[in-house]
Amino acid sequence: MEIILSIAIGVMTSCGVWLILRPRTYQVIIGLSLLSYAVNLFIFGVGGVKTNVPPILSDDVAISTLADPVPQALVLTAIVIGFATTALFLVVLLASRGLTGTDHVDGRSDPK
Amino acid sequence: MGPYILLILLVLPFFGSLVSIFLLNTPSRTLPSWAAGSVAFLSLLVVAAAYPAIYDGEVLRFHVEWVPQLGLDFTLRMDGFAWLFSALITSIGFLVVVYARYYMSEDDPVPRFFSFFLAFMGAMLGIVLSGNVILLSVFWELTSIFSFLLISYWHNTAAARDGARMALTVTGIGGFCLLIGLLLLGNIVGSYDLDKILESGDIIRGHSLYLPALIFILLGALTKSAQFPFHFWLPNAMAAPTPVSAFLHSATMVKAGVFLLARLWPALAGTYEWFWIVGAAGIITLLLGAYFAMFQQDLKGLLAYSTISHLGLITTLLSLGSPLATVAAIFHMVNHATFKASLFMAAGIIDHETGTRDMRRLSGLFRFLPITGTLAMVASAAMAGVPLLNGFLSKEMFFAEAVETHADSILDRILPYVATLASAFSVTYSLRFIHTVFFGPAPSDLPKEKPHEPPHWMRFPVEFLVVSCLIVGIVPAISIGPFLHTAVVSVLGADTPEYSLAVWHGFNLPLMMSITALLGGAALYFVLKDYFATCEDGPPILRRLKGQRIFERILVEVSWRWARLAEQRVGTRNLQPQLRWVVATGFLAGLLPLYLSGFETRPFVFSGVDPRFAAIWLLGIALAVGTAYLAKYHRLAALVTLGGVGLIVCVSFVWLSAPDLAITQLLVEIVTTVLILLGLRWLPKRMHGVDEAITLRARFRRFRDLALAIVCGIGMTFISYAVMTMPVPDAIANYFLENAYSEGGGRNVVNVILVDFRGFDTLGEITVLGVVALTVYALLRRFRPAPDSMDMPEQQQIQNRFDEERPERSAGDTVRDYLLVPSVIMQWMFPVVITFAVYIFLRGHDMPGGGFSAGLTLSIAFLLQYLAGGTRWAEDRIRILPLRWMGAGLLTAAATGIGAWFLGYPFLTSHFQYIELPLIGKVPAATALLFDLGVFSLVVGSTVLILVALAHQSIRINRLRAIDAEKGREA
């Protein structure tokens, strides 16, 4: 399982990095989303990859078998904040596009 | 009163400063002057009240712990030396306040002056009373800042602004060096406590860090006391009002440097390095200052250079490392303060009465100002070192020390000659000051007609100080003797030498030197008299070499040219190179620890892989690569594939036992997709044929980015695999798992962490969410689309054309029919989704769910209504006030946290118990649920605010079009 997840994280990172280095704002915003998937999965993976483990406390399950809740809590808020930053960046890119007339990340099409 | 006397003394001036601010609107000068005068006088009384204890040899202390872990304590400490300086500061401060009452004009904002003045006085008292060297450096910086404010008091003149800036730059940099030096010193001793430092002189002098510490401390002290080569700021600071010059730039602030040298004398002095650095600076300053002073045409300029020279004298004395010289240094600090303050005030009176300070225009003023003239003459005589005045005594002690051999070196051998020469110069400029201003023919071209004696109380401070000069000069042993003795003992301790304060020591070498200097100086004056009367400002030859100009040039070089050069060379305003560097740095930062501490290789294990999971991620990888490929020209398709990746991430969370994450991921995925869809409309259309020609450079750039991306991806794969296959250390997870139910009352540990254990983090996060939503809202209020996005979208145009072509349809019918069945379903789903949101919220503490996901669900419920019926339709039926939701949410969350205070618990302590409800039975009720309600409400508000603000743009654009059309018609 770990190997699949690692490769997936690697591929998503590659695609994300490639996209954020592109000149169009839309590519950058999509790239950031891909990167945040990769990072969220990575942080989640730090707690150990466990399948079929009860995530909820109950009286007949030993604590040691439960899934690690700490990375989960971290990732949960990261997902929500990720949405907020995506929204902010989207609006900034729209405003920049409205002001400069171009969707280039530097606000002008001719890269110097 | 006990130790609190020191605290009172320190706080009193700052308090007075605050009070003065409240008098800003008073029209008169009298009220603020009275306020400031009473504060200064009270401070003086407090200092006087402390004297009996000091006289008995006690050291007063006031101690409050500040940051004890760092050795920072708020320690005040007053011994004889600190007492002497406190007395000097408060008494001259009081006299200057009295003087300033008459000096300042009606038009000046007097309360502001007194406010800065008193604050400066407090800071200066802070320096002399600090018992902790870090505290001392804080007050040190404060004096620099208040000096800056006071010099720039008349900020409408360029000279004042430039002088203030220069003083701040020089003394500020010095202050910073001082802090470094004091930190080093504290490091050597192991404590920042002044007493400890003074006790450990031998350890300090033997330590390998002694030289750096010494150099940094000296940089601080020498800049503050305007010693060569940092002397140039002081003459420029003369743009300050004269009371400021009298107080700061003669009696107190510039004395802070020599005060510090004397204070740390037992800890630092006596080494060869000390002698050379301090001695060289002191001797050069002594001579140069006196030489420059002779050629000044501005009265205050002459006094400023004379001050520099006298400070050089004190520095030289301190450099010698002999106890007797230190006695002389302390004595001269007091004497200089007395006569120089009175001379500055006299210069101020002359300026005030005649309107000029230029000695080429002043002449024969004695007939108009006989009393001021007499006072100035006595004070100048003290400055020149004429017998029976206080300046004579300390100068005599200086001569006696100068002829002694201290460290056999060139400095030591030339000192007697330099001392005599500088003293002769000082006789010359003193004589010049008196003779030019008060004697000779009556002045012809004064800006003010008919100068006359100032009001009595303006002259009173000068009188008082001049009388002190006389008393100390004639009967030193019974006037200044005891005070000086306590000060000397507190600095030198057991090393206190035998010294005599008698006026007459018989015919000896120092007396001969004095007589030589007096006669030589007088002769020099009469030789150069005619040259002085006409020459330009500044000494011959060196006139062109202005420290000020060099300073300006360095400033421009460093802060402008170098900065520009650095920006040109290594800076860029383009985002892509910046991001490339960020990514590359991130990669290297990940690689560095592996390179430094090595790593063990481990084979990839492919066994135990669930083929279904592998298949899902095969799809996921394909979708991710597809997203990267499509994002340039096929935005919608890229969005769809991105959503696909998101769903696969969501499935993985389910698979890997994280239902909470899966729920949140799914909901966020929906909201994000809608959000980006709303944004797509405003992006430019694809331009065919523009990017077709790919240059070699572009190809290289792409290849480089691709290589970087692949390398990063491979790195992440390895790191992830390593991290995931490592045994999970026994971290804090167990604590949360064990205590979630017993302490937090919830079985869903993730939720308990969010709303209870780490509730404060969550509070911060929802605040961020709210801030982002507000920012988005604010940005969109002024949003104006690019011109090529102003037209109606193609789809709408086709629909409208379709409607227009058919007579039975009216415009907008097609849109209304569009996806009719799904939209009816969406409308019907409204209550269902709301119920679902409530359900998710309520089960959150024990089952997957909670405030975040419930909030997202509810906002999706609203969102669906917008999608189904359009913005207008939805807003006609439900009025959502996102700002209220956000406000209520944040307040609820914060109030839950604050509620714990009232029960005597720390912020955000939660409480839970079972409540017996009729019919339903036992229900768990935790205050964390209330907190979660706040989270829920804020998430709803923020999400809806963002989405609705973006959705509204398509309505706004109609209005913008109408405005444009209007403009077009007008044009």
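Just so it is clear, glycine is given a Cβ too, placed from its N, Cα and C backbone atoms.
According to TrEMBL, the feature transmembrane segment maps to B:6-24 (among others).
Averaged over the domain 'NADH-Ubiquinone oxidoreductase (complex I) chain 5 N-terminal' (B:69-114), the predicted model has a pLDDT of 90. Here TrEMBL flags B:69-114 as domain 'NADH-Ubiquinone oxidoreductase (complex I) chain 5 N-terminal'.
What TrEMBL lists as transmembrane segment is B:112-129 (among others).
Annotation source TrEMBL lists domain 'NADH:quinone oxidoreductase/Mrp antiporter transmembrane' at B:130-408.
Tertiary proximity for the transmembrane segment (B:209-234) is limited to same-chain residues at least six positions away from its ends with a CB under 8 Å from its CB atoms, namely 137, 140, 144, 163, 166-167, 169-171, 173-175, 177-182, 184-185, 187-188, 249, 253-258, 260-261, 264, 268, 271, 273-274, 277-278, 281-282, 284-285, 288-289, 304, 307-308, 311-312, 314-315, 546-548, 550-551. Under the heading transmembrane segment, TrEMBL lists B:209-234 (among others).
Residues or ranges marked as transmembrane segment by TrEMBL: B:274-295 (among others).
The transmembrane segment annotation in TrEMBL covers B:371-394 (among others). Sequence-distant contacts of the transmembrane segment (B:371-394), counting only residues of its own chain at least 6 positions beyond either end whose CB sits under 8 Å from a CB of the stretch, comprise 306, 310, 328, 331-332, 334-336, 338-340, 342-343, 346, 349-350, 365, 423, 426-427, 430-431, 433-434, 437-438, 453-454, 459, 462-463, 465-466, 468-470, 472-474, 476, 480, 501, 503, 514, 517-518, 521.
Residues 55, 80, 83-84, 87, 92, 95-96, 98-99, 327, 330-331, 334-335, 338-339, 341-342, 345-346, 349, 372, 375-376, 378-379, 382, 387-393, 501-503 of the same chain lie 6 or more positions beyond the ends of the transmembrane segment (B:460-484) yet place their CB under 8 Å from a CB of it. What TrEMBL records for B:460-484 (among others) is transmembrane segment.
When Cβ-Cβ distances below 8 Å are used as the criterion, the transmembrane segment (B:504-528) is approached by residues 294, 384-387, 392, 395-397, 399-400, 402-403, 416, 419-421, 423-428, 430-432, 435 of the same chain, each at least six residues removed from its ends. What TrEMBL records for B:504-528 (among others) is transmembrane segment.
TrEMBL lists B:611-631 (among others) with the feature transmembrane segment.
What TrEMBL records for B:620-685 is domain 'MrpA C-terminal/MbhD'.
According to TrEMBL, the transmembrane segment annotation covers B:636-656 (among others).
Look at TrEMBL and you will find B:662-683 (among others) tagged as transmembrane segment. Sequence-distant contacts of the transmembrane segment (B:662-683) (same chain, at least 6 residues past either end, Cβ-Cβ under 8 Å): 635-636, 639, 643, 646-647, 649-651, 653-654, 785-786, 789, 793, 840, 848-849, 852-853, 856-857, 859-860, 863, 867, 943, 946-947, 950-951, 953-954.
Per TrEMBL, domain 'MrpA C-terminal/MbhE' is recorded for B:701-797.
Proximity of distant same-chain residues to the transmembrane segment (B:703-724), defined by a Cβ-Cβ separation under 8 Å and at least 6 residues beyond the stretch ends, is recorded for 580, 583-584, 586-587, 590-591, 599, 602, 604. Under the heading transmembrane segment, TrEMBL lists B:703-724 (among others).
As annotated by TrEMBL, domain 'Na+/H+ antiporter MnhB subunit-related protein' applies to B:822-944.
The domain 'MrpA C-terminal/MbhD' (B:620-685) shares more Cβ pairs under 8 Å with B:822-944 than with any other stretch in the list B:69-114, B:130-408, B:701-797, B:822-944. For the transmembrane segment (B:112-129), the list of distant contacts is 6, 9-14, 16-18, 20-21, 24, 32-33, 35-36, 39-40, 43, 76-78, 82, 85-86, 89-90, 93, 96-97, 100, 104, 135-136, 138-140, 142-143, 146-147, 149-150, 153, 241, 243-244, 247-248, 252-253, 256, 259-260: same-chain residues at least six beyond its ends, Cβ to Cβ under 8 Å. Sequence-distant contacts of the transmembrane segment (B:928-951) (same chain, six or more residues past either end, CB-CB distance under 8 Å): 671, 674-675, 678-679, 744-746, 751-752, 754-756, 759, 762, 766, 769-770, 772-774, 776-777, 780-781, 841, 844-845, 850-852, 854-856, 858-859, 862-863, 866, 871, 880, 882-897, 908, 910, 912. With helix defined as DSSP H, G or I and strand as E or B, the domain 'Na+/H+ antiporter MnhB subunit-related protein' (B:822-944) counts 88 helix, 12 strand, 23 coil.
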